[in-house]
Ligand code: DGL
């Protein structure tokens, strides 16, 4: 992408590449990597910073006031350090609560990740949809409003999984995850009623796509699993059109952790696989 600064002056156009923008992708832990992967592909012309508030993980257990305060504090630090042009909140648990506060506080665009109720309502044939999320996300007014707006005609089962995000973290860190434990976490998603069965499950925590292949294998019957990451990446690319094309060479993509206690060898390899060449720890303990 280039800008012609001399257009209309009679001089030969001088092509000056546009400066790259910086996208900050934020989550409580490693789940946002599923959104990062799609965003990096959609925006090769942007520098990427991935921020994991692992000192605060899991967000699903935090009360609403504590979560708003925590995300705002961490974001203050990240914005001051990395000066992003756009922030992706790659976390349903946070997005369903803190986006209005962040948008009021910072003068940059925030793109959220929220339960894909609308696409699920469009995809279901049986009328039975399950929303697989953290206990925080299923309890949100925002989630219930989405259901009322887009899926009022359908039977929606909210499944607040207490262990699934942690299991996804374990898997990415190279630790064993027991099939029986995983199967028990997803079992409430599979409902049979009046001769019909659930046919769509929304992956409404960004950690869950990390376990998708295993969940498909353990599911009692096949369903459509909806991951919002491609839609989030499209939204980011719409807001930063110049980032859709590779421009000048950029900075190495960086991952920043607020705890960093679990940066195992396998995890560092996984981060490198997502293009995160630099890993830094900026300690920010959770006070409670
Ligand atoms: N990845 C987060 C989400 O999308 C949640 C994990 C957590 O409980 O921190 O909801």
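Including glycine, each Cβ sits where the backbone N, Cα and C put it.
Residue 91 (active site, proton donor/acceptor) has a Cβ environment of 34 other Cβ atoms inside 10 Å. Positions annotated as active site, proton donor/acceptor by TrEMBL: 91 (among others).
Per TrEMBL, active site, proton donor/acceptor is recorded for 205 (among others). DSSP assigns residue 205 (active site, proton donor/acceptor) to coil in the three-state reduction, placing it in neither a helix nor a strand.
According to TrEMBL, the substrate binding site annotation covers 27, 28, 59, 60, 92, 93, 206, 207. In the three-state DSSP assignment, the secondary structure recorded for residue 59 (substrate binding site) is helix.
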